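*Asks:* Relevant sequence annotations retrieved from TrEMBL are reproduced here:
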TRANSMEM  49-73  transmembrane segment
DOMAIN    64-386  domain 'G-protein coupled receptors family 1 profile'
TRANSMEM  85-105  transmembrane segment
TRANSMEM  125-147  transmembrane segment
TRANSMEM  168-192  transmembrane segment
TRANSMEM  238-265  transmembrane segment
COMPBIAS  284-295  compositional bias 'Basic and acidic residues'
COMPBIAS  296-307  compositional bias 'Low complexity'
TRANSMEM  326-344  transmembrane segment
TRANSMEM  364-389  transmembrane segment
């Protein structure tokens with residue numbers, strides 16, 4: 001009887017909330033959060049697939065970003081202003097993988113919250129902070145490249161103290177500004193607890209309140225906790241989502257686009273100048289070869305000047321190609337970050353709009369999981385882009401791997417040497433202790449067993 005009544009209560013938990021003092025608040029909050037447990041359950045196969053994919057993102061993102069952090073912190077020559085911003089991006093992605101993704105996976109699969117009120121507020125706040133920091137770091141990287149390439153002469157003439165402490169001040173500003181932008185999520189996220197008494201329980205058989213209390217006490221899982229965004233202001237979620245789209249997505253990538261466009265135009269002009277100088281140099285060589293042999297001294301000087309000019313052009317061309325490759329890398333980072341976070345931004349705008357057609361169905365949670373996955377995947381792509389296209393990071397990665405391999409081999413080598421040394425010592429001791437002397441005094445003794453002397457003591461029998 002108790003089990004039957006429990007089943008009835010459990011099946012009634014997804015119905016509307018009873019008419020009491022909390023009805024309006026609960027209905028409003030649940031409607032804002034699109035909570036609809038009856039239609040949003042993912043299949044077991046879908047849940048396993050999501051867990052596996054997110055687990056891969058966590059593992060790859062952790063090790064990839066840890067390599068970036070380690071490379072910059074250990075090597076002083078890697079602590080340039082641009083690499084400091086890349087370090088900041090890696091730290092943000094690292095914390096995103098370690099802290100934010102696990103909570104996202106749990107909330108996506110369970111739609112409930114079992115980690116208390118503080119984490120209900122802090123987890124979304126810190127995730128938003130990481131996203132803002134990542135976006136602003138990518139913007140800072142682009143602006144730093146713009147200043148060092150397009151405004152190179154002004155940078156050389158500027159104060160060295162400003163160049164030294166400028167990146168640190170920018171990093172502090174990025175984190176403080178990100179905390180401010182994310183703060184509404186800390187205040188607007190609330191934990192609500194839905195108990196059996198909060199629901200309208202309609203049964204064909206009458207069940208008194210005492211029986212309900214007993215069943216609720218025996219089944220604590222009936223007390224459902226939801227972590228949701230709730231604000232006393234109407235349309236506040238939509239306004240915040242729209243503002244986040246502008247600040248975290250549109251404005252930064254407009255700046256990045258202008259910066260990289262200016263850099264591309266500057267490098268293009270520089271490469272055209274190099275081509276023009278190379279044509280003039282090759283033309284001068286041909287003219288020198290056709291000149292009279294009576295002017296050998298002057299020709300030698302011209303040849304030397306042309307050789308020096310060619311070397312300078314080659315160095316400039318290599319530097320130009322290196323910068324072009326670096327800017328392609330940074331543009332890839334910006335594009336991938338934008339493509340990763342655009343779906344979740346659009347999804348939030350659509351789901352938070354007043355006349356949204358998106359409801360909490362099976363498709364809703366599946367699309368939400370995919371959008372979150374795309375956003376989090378940017379934490380994996382960035383460190384691998386550094387390793388593939390950035391020669392400085394690639395060289396440091398190789399050195400680090402060689403150091404680790406050498407230490408591992410040395411560790412195994414020491415063990416092997418100790419084993420060989422121990423075996424040799426034992427053989428030496430045996431050789432010192434055993435001194436075999438075979439004496440054959442006459443032909444008769446040849447037919448008898450030889451005499452074995454161990455430390456001048458005879459052994460009558462041997463095997």
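Placed from the backbone N, Cα and C atoms, the Cβ positions cover glycine too.
Computed from a predicted structure; not experimentally measured.
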*Asks:* For the transmembrane segment (364-389), what are the same-chain contacts with Cβ under 8 Å, counting residues 6+ beyond its ends?
*Replies:* 34, 40, 42, 46, 50, 53-54, 57, 60-61, 64-65, 67-68, 86, 89-90, 93-94, 96-97, 100-101, 104, 108, 111, 131, 134, 325-326, 328-329, 332-333, 336-337, 339-341, 343-344, 347, 351, 358, 397
*Asks:* Do any residues, 6 or more residues outside the transmembrane segment (168-192), come within under 8 Å Cβ-to-Cβ of it, and if so which ones?
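*Replies:* Counting only partners 6 or more residues beyond its ends, the transmembrane segment (168-192) has Cβ contacts under 8 Å with 26, 29, 84-85, 88, 113, 116-117, 120-122, 124-126, 128-130, 132-133, 136-137, 140, 225-231, 236-237, 240, 244, 247-248.
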*Asks:* Quick check: do the transmembrane segment (125-147) and the transmembrane segment (326-344) share at least 3 Cβ pairs under 8 Å, counting only pairs 6+ apart in sequence?
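*Replies:* These two stretches do touch.
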*Asks:* When you scan the chain for residues with a C-beta under 8 Å from the transmembrane segment (238-265), skipping those not six or more beyond its ends, what do you find?
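*Replies:* Residues 128, 131-132, 135-136, 138-139, 142-143, 145-146, 149-150, 181, 184, 188, 327, 330-331, 334, 338, 341-342, 345-346, 348-349, 352-354 contact the transmembrane segment (238-265) from elsewhere in the chain.
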*Asks:* Within the domain 'G-protein coupled receptors family 1 profile' (64-386), what mean pLDDT does the predicted structure show?
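*Replies:* Summarising the domain 'G-protein coupled receptors family 1 profile' (64-386) by its mean pLDDT gives 77.
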*Asks:* Do any residues, 6 or more residues outside the transmembrane segment (326-344), come within under 8 Å Cβ-to-Cβ of it, and if so which ones?
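*Replies:* Sequence-remote neighbours of the transmembrane segment (326-344) are 131, 134-135, 138, 141-142, 145, 248-249, 253, 256, 260, 263-264, 267, 370-372, 374-378, 381-382, 385-386, 389-390.
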